[in-house]
Structures are given as C-alpha cells and as structure tokens.
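Engineer: Just passing along the structure, written as structure tokens.
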C-alpha cells in the first residue's frame, strides 16, 4: 500500500493566532458533568478551569449517583458524580452541534461502586445510529475513556448508552472540542484515539489550558531512551494542530546513538487501520559539524524521505493513507541515516485507528420535525430518544420509516400518535415530514380546525383524525384529495364535512335516530355472539386437548411464585419451574407482548399434535382469565445464540459440537417440512430459537409464527413475519412464503455457527453477516470466517463444506436453495468427515466432499 506523506511547515500564521485566541476562551466547547445537580451548574473545574454544566437538559431520563466516598479525594470533580439508566434499553444525549464540523468527542465512565454492588457494568456505546464500542468496566478497570475525532453530519449529535445485559449503563462526562476542518482527517470514516504520548520524565498529564484543543497528553519515557528538554520557545508552525509548548519543549532520543528509536504497540483488532501523527522539533544545540537526519520506518517499511528537524520549530508527520500491522503488532522506528552523526529524536506521538459509522442518520428535516411535534405535545416516551428510525431495533414507537440502504438517510413515512392523550391543535411542524404517507392522530383531545396544509402533503395516503374535538369545516382542498383516493377519517368530531352551513335540525334528528338504530343493532350482535361464538373468532375453548391444561394457580406453584427468571423474549418472561419432580421452563405471556393470543394458540395447537425428538416438547399450557403460559421441558444450556456470543458462563462450542447442533437443528426443521401433515413452515428460525440441553442436544423452539401448508409445496401469500437479518429477502419482497424461507433463515444460522459473528453488526463495513461472508469469500479466506475462539482447532474440509452449504441456503433466489433434506444430508457428511479428523488428524482429509446441490457461482467460495 502506498502511503501519502506530508510535512506541514509555517503557513497562515495570522489565522493560527486567531484560532488560538478563540480556542483559549472555550468557544464551541461542550463540557457536561453527567449527574450534576442543576443548581450546582455551571462551575469551573479547579485544575483546568474548564466550565462544566449539568447534563439534565440534554437527556430525557436516568438517575444520579455518587462514587463511593473513599474515591472522592482522588478524582477531579466531573468524575465524582454520574448518571445511570435503570429504565429502557437505549438512553441518548442529544447535543446541538455545527454540521460538517470536525469534533474531538470524549466520553468518560467512572463506576466508583456508586451502587455498592461491586458489579462493573457492561453495555454498548452508540454515536447516532452506529455502534461506537462496547464499554466493559470489568475488563478496563474502574475508569474507561473513549475518544474519537468525527465530522458531524447534521446539527444534532446523539450519544447513546444501550443496555445489552443485566448491568446498568452509566456515564460520568461528555466533552466536545471543535477542531479545524482539515486536521485529523481519515481516508474514510472517523478516527478513534488509541493513545497520545509526549516524551518526558515527568508524571504530569497535559490538557487544557496548555492544550488549546483540550487533548490529553500522556507522559512516556522508556529505559532505553534519553530524556531531553529546553526552556527555549519552540515555534509552532503547524497550522491547526497547535501542540502545547510543554509538549514541544521536551523529547527523547535513544541512549545509544547508533540505535533506532523504537515504539511498539498491539492493536485491539488485528485488522485495524492505523493513523500516526509524529511531532518533531530540534530542541538541542546542534554544532556545525553535527547532523541529525533519520528515516521513519513503520513495520520495516520506510514511509518518509530522510528528514532533518528544524531548530526550535515544530513539524508534524502523518499518513493520509491508513496502515495495517500484521497480526495487530505495530512497530514505529526512527532510524538515523549514514549521513547522520546524531541519533533520531521525537517529541510526541499520536496513534489513531480508523472507525466506520456507516449507517446514515435519519433525514435531518424529519428529525427536527418529529422533535418539534414531540415538544408541541410534551410527549415523554422512553423510546423517543436518539435517531428516530435506525437502528431498526430502536425505531421510535408510532413511527414507520423508509430505510433504503446505510448510505441513504431514512425517511419517516408513518406517524401514529393515536390514543396518546394529546391536547391542543394539530401542529404545523407535521407538514415538514414531507415523505409522510400515513398520519394517525385519532382518539385524542385535539381542538381547533383541520389544517389546510395537510392537503399539500403530496405523499399522504391516510389521515385519521377521528375521536377528537376538532371543529369547523374540512378544507375543500382536503376533500378534493379524498376524491383522488386519500383515506380521510374525521368522525367523532364537531366537524362539517361539506362546505356551507352547519347540519340542519332535521339532519340532526335523523342522525340521532340513525345512532339509536346502530346501537340497537350492536346490542343484538353482542347478545348473539354471547350465545354462539363466530367461526372466525379465536376462542379459548377451541383447543382439542384439555388433559395438559393447567390453571394460573398451578403455574404460580410450579414457579414458586415466579421466583427464578431464566429468559425474556417477545412473548414475555420465562421462569424456571418444577412439575412432578421434573424441571420445566414456563413462558408467561406479558400483557404488553407484541405477540399475543393468536400466536399462543398457534404454538399450543401445533405442539399438541406435533412430536419429534428435535422439537422442544410442550408439557402443558395455561389458558384462563388470569393469564397465559406455555410449559416446556427445560433445556439446561439455554439457547445457541448465548454460546456463540460469548455470554458470561457459556462455554466456547467446539467445532464437532457446532456441527452436531447444526445437524440436529436441521433434522427438526426437516421434520416440520416433510414429516408433518399438513406441512409446516416455522417462519422464525434463528439461533435464539435453537435450545440446548445439558448434553448440548439441539431442539427447535418457538412456533408462534408457524404456518401450515394445506396445499402442496408451492409458495403461498401471507403477511410477512420473522426476524430482521434472518428474513428471506424474496419472501419479504413478494409476501410469498415457502419451505425455502426456512432454508434461508437456517443458512444465516449456519453462518453464525461457523463464525460466531452477530447477524447484524453495524461496526462492520458489511454489517449483514451474509454480505460480510460473501466479501471475505472473494479472497477464499476461510480462516477469517471461522470463529477465532476456536483457535484454528477445526477441520478445514468440513468447515469449507459448511460454508458452501450456508451460502447456497442464503441464495437470494429461493429455487436455487437446497431443501432441508439435502441440508441434512450434507451436514451428515460434514459430521462424518469431522469425526474422522478428530479421531486421527494424521489421516489425509484434504480431498473435500463435493456439494451435491447447485450453488450460486457469485457467492461460491473460490479457494480452499
């Protein structure tokens, strides 16, 4: 890889001086002391004189805490209090910034045992809709600092804490510092600070006010170096970078003049791209017969021409094109040339790695509009934080968005605020949602007139204003739109639908009579339905088997008053229980469940008639007025996802065990497709729905979305259902469900089993696991796909075979995918091959078994 070089010398001195003056007065700085009481804000921090303010106006929720008392004297004031978030999954700070501005963004976390639990939290940190990093206080000690340099895409910057486990996210401070636009530029994405050293024998950290940009400089000196310093002023000719005088007046060089000056470091991820900034100033008296000249060598490759530092003048070297380090081990060396009589020297060194934030934020005008609507009605929904549309799992309640791809800003297309207790008028900010297709403000207490601007929103297809206190006339322009196909609902309001006069008395009388008749009809219908349930209605007496039915009181006893929680999901909470001295898992339907009685009924009826050793067994169910519950055999090792994601307490699955789990899961799905009459499509195959026994026996679970195929094997139209990332794209596009939809989902599970990767990971360049695998396979690199936790302890032949099988399963065209019987056959072969490898690794297994099904040539692995 060619590396661009750049040496910045004296230029634009006047602009630099003006810039320094602006920086020294903290212009553009944002310094939040998280958890600080509003009545203590603002204050000037004693050491830096930085002005900190309370975070209360920038966050919707959270509670405040204090680090334990024995730490108070050791910490700077911003780190003595904190804000923690026991409620909600995503909690976001919303900061007003300047668009297209280069910011140093620094976030500090100091646990300080504020809760007295000695339980170091672990959670995810997001920048807008993209994951930034995982904060793990257990691995990083009591304090964690994360810093990036990032160019803002809009005037709003969201910094979000996302709960990922049982621990509670917390934060101590947030600091933003504007930088010059053309400094610290990554080739793509942003820069994540790895470290920032200045070379001195002092123990003092340097930051503001010595550093006008409030960078934190860490002191470093190695035993093989000699420390040098000067009291002379060093000219700062580096426009925009502005290194502090205290950094430039000190430095280091090798104690042995013939040795190179060497710095080594290990990257957190071997594939990280590296950017380095080297600050050099000649701060020694160099005699006329002396020369200091050296080359800059990174990983044994020269990256800069021979360089001679200028006396008492600072210069910076950096690479515009990122570097990579083999195996994640990096070595920087300053090596003197044959012409040089003096050893190399260096004053300071900054190390960054590239970080990508690929997902575009929601269209800024849409964000401003929906936040204005939120403010107009005083909405305080816990989900209404951060980006409204992305990531999908954090979509704001009541919104639907059009998300095309990661590079295109999502647009809000539906706003549903029905039954939200809204008061006041319909705000004009709604018209700024220019792509809105559906608007539902029904069943609120809205007053005033129906605004004419609704007629000008050209994409609106549905407007539901029923059940409010609106008055006046419906604008003629809106009635004209209704004639053109707009669905307009304005009943249960004091509204005149036609132009002209109000309803006459006769019309009112007729209306009253009509209402009376309607009420009478509804009463008759209600009485008839009480006598005989309609055929289409789901009734609680429709189950064919009552011999496994339990009362809610029975469930209470089984779970010992719902004492031990072993899992949570879309259905509700799963409790550990005991029935007839046998362990059981009891899944209790939550009142707020996104699923509900229809899926409960589907699962019970299916499991009452379908039995197979690779399907989780239903022991019984509860269906009474007090609640709904499903009672299963207990699978002691939890679900497959927990073991692949490295959940604490879960062991790393060996390669043979992974193949065994894949085969047993495939057998379960195959039985649904071929062994049941009528045939069944699961519709929600994923790693969390594959449960493991104490012996790691795999069984398929969660049949709430399953559909029976009454006629043949042809695809059948149905409402799209499933889980994002596992969903068959052809099914999603056409709404035609087939057995091959399960095959696609199972192919995604196979990729998880092979790689241990998340199905969707926004920190990857190719965030979807299918795209990620396809990209790697272009180079035939199996080692980069297989889970690194296996430490290369796997059979390459069977691994390739499974990768090929997985990629054939996720073919975008369903006809090109294998059926589940073919999948089972191939996995059987893979397991046999693996067993031979395991028993005797001396046996030559380099000749792979050929896949007997058609594989898409575009995604077929190209090398072995």
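Backbone N, Cα and C define each Cβ position, glycine as well.
Keep in mind that this is a model prediction, so the values were computed, not measured.
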Engineer: Report which of 432, 819 appears in Swiss-Prot with the annotation N-linked glycosylation site.
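Structural biologist: When Swiss-Prot is consulted, N-linked glycosylation site appears for 432.
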Engineer: Pick from 487-507, 508-528, 529-549: which stretch is listed in Swiss-Prot under transmembrane segment?
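Structural biologist: That would be 508-528, the stretch labelled transmembrane segment in Swiss-Prot.
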Engineer: 10 Å Cβ neighbour count around residue 572 (ATP binding site)?
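Structural biologist: That number is 21.
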Engineer: Roughly how many Å separate the Cα of residue 572 (ATP binding site) from that of residue 684 (active site, proton acceptor), to the nearest whole number?
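Structural biologist: So the alpha carbons of residue 572 (ATP binding site) and residue 684 (active site, proton acceptor) sit roughly 17 Å from each other.
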Engineer: Does anything in the same chain, at least 6 positions from residue 256 (N-linked glycosylation site), have a Cβ under 8 Å from its Cβ, and if so what?
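Structural biologist: The answer is 224, 343.
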Engineer: Ranked by the number of other Cβ atoms within 10 Å of their own Cβ, which of the glycosylation sites 289, 432, 445 ranks first?
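Structural biologist: Selected residue: 432.
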Engineer: Where residue 289 (N-linked glycosylation site) and residue 568 (ATP binding site) are concerned, what is their Cα separation in Å, rounded?
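Structural biologist: That comes out at 76 Å between the alpha carbons.
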Engineer: How many Å lie between the Cα of residue 432 (N-linked glycosylation site) and the Cα of residue 684 (active site, proton acceptor)?
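Structural biologist: Residue 432 (N-linked glycosylation site) and residue 684 (active site, proton acceptor) have their Cα atoms 37 Å apart.
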Engineer: By DSSP, how many residues in the repeat 'LRR 2' (435-457) are helix, how many strand, and how many coil?
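Structural biologist: Final tally across the stretch: 5 helix, 5 strand, 13 coil.
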